[in-house]
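Enquirer: Sending over a structure as structure tokens; questions will come in a sec.
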Amino acid sequence: MMSKAITIAEAQRYDAHTINEIGIPALVLMERAALATFNNLLNDDFDLSRVVVVAATGNNGGDGIAVARLLHIRGIDVEIYLLGDPAKATPQTSQQLKIANYYHIPFTTDLNHVVNATLIVDAIFGVGLSRDITGKFADAINAINAADAKTVAIDVPSGINADTGEVMGVAVVADSTTTMAYNKIGLLTITGKQHSGTVHVADIGIYAQDHLEHAR
Ligand SMILES: NC(=O)C1=CN([C@@H]2O[C@H](COP(=O)(O)OP(=O)(O)OC[C@H]3O[C@@H](n4cnc5c(N)ncnc54)[C@H](O)[C@@H]3O)[C@@H](O)[C@H]2O)[C@H](O)CC1
Ligand SMILES: [K+]
């Protein structure tokens with residue numbers, strides 16, 4: 001069990017090192033992140049009757065769009081509520097949108113679909129959150145928090161600063177969070193814990209020392 005917790009800068013550095021020095025493509029890391037989240041969704045007691053993935057256009061969104069595809073292939077009723085301009089998506093998230101479109105996965109722009117979901121996946125922001133959340137992003141987070149459905153956050157509950165645990169304007173209150181590679185120090189704070197719920201640390205092939213660290 002990797003009990004270490006890291007900062008945003010470390011997460012970004014390990015990510016870049018794995019992609020650029022070791023040579024594991026970003027899309028492979030994204031697929032592993034999505035598979036880990038997908039498996040947590042299937043293994044925990046969630047009602048998957050009507051799933052809505054709320055995604056933005058960064059790589060956190062890409063993780064979520066890939067989770068939506070995995071659920072769709074499994075025959076689960078899933079929709080994507082996309083925030084932001086798909087034309088501005090990262091290369092990996094653009095690729096995930098292409099794959100989602102191949103499968104004709106439905107997109108919704110109706111926040112009532114989020115409110116009426118039986119399970120919500122939070123794929124808005126992860127470690128790339130860099131300022132207070134406002135506007136449509138804040139509206140979506142308020143809808144997520146107003147919904148009866150349980151919420152699973154990808155990597156970081158959106159709106160939580162993964163270094164300090166502070167709420168950046170508004171933040172998702174998740175029942176469970178699947179965080180990549182290592183826990184994040186902000187999720188160990190009181191506010192971080194309140195917003196993360198049960199934290200699952202996903203081994204996606206990113207290691208601080210180029211190999212899986214074994215408990216001493
Ligand atoms: N590190 C890993 O092990 C892996 C991480 N993955 C996932 O990638 C995200 C980080 O992705 P990134 O594109 O860097 O940023 P985000 O998706 O978190 O943020 C998107 C984007 O949003 C903009 N932004 C920031 N703050 C705001 C705001 N308040 N309002 C509006 N827009 C905002 C900013 O431009 C950001 O770039 C990580 O969390 C993981 O989920 C990989 O997929 C797998 C490996
Ligand atoms: K998130």
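Using the three backbone atoms N, Cα and C, a Cβ is placed for every residue, glycine included.
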Enquirer: Determine which of Asp85, Asp110, Asp148, Asp155 appears in TrEMBL for the same (6S)-NADPHX site as Asn59, Asn60, Gly61, Gly62, Asp63, Gly126, Val127, Gly128, Leu129, Ser130, Arg131, Asp132.
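Expert: The one candidate that TrEMBL places in that (6S)-NADPHX site: Asp155.
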Enquirer: Given that TrEMBL assigns Asn60, Ser158 to the K(+) site, pick the one from Asp122, Asp139, Asp175 that the record assigns to that site as well.
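Expert: So the K(+) site in TrEMBL includes Asn60, Ser158 plus, from the candidates Asp122, Asp139, Asp175, Asp122.
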Enquirer: Could you check the binding-site residues Asp63, Asp122, Asp155 and say which one's CB has the most other CB atoms within 10 Å?
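Expert: Buried the deepest by this measure is Asp63.
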Enquirer: Based on a Cβ-to-ligand 2 distance below 6 Å, what subset of the binding-site residues Asn59, Asp63, Asp122, Val127, Arg131 would you report?
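Expert: Within range of ligand 2: Asp122.
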Enquirer: Average the per-residue pLDDT over the domain 'YjeF N-terminal' (11-212) and send me the rounded value.
Expert: 97
Enquirer: Checking the binding-site residues Asn60, Asp63, Val127, Arg131, Ser158: which ones have Cβ within under 6 Å of ligand 1?
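Expert: Those binding-site residues that pass the cut-off, since their Cβ is under 6 Å from ligand 1, are Asn60, Asp63, Val127, Arg131.
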Enquirer: Please report the Cα separation of Asn59 ((6S)-NADPHX binding site) and Ser158 (K(+) binding site) in Å, rounded to an integer.
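Expert: A Cα-Cα distance of 13 Å.
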Enquirer: Quick one: what's DSSP say for Asp122 (K(+) binding site), helix, strand or coil?
Expert: strand
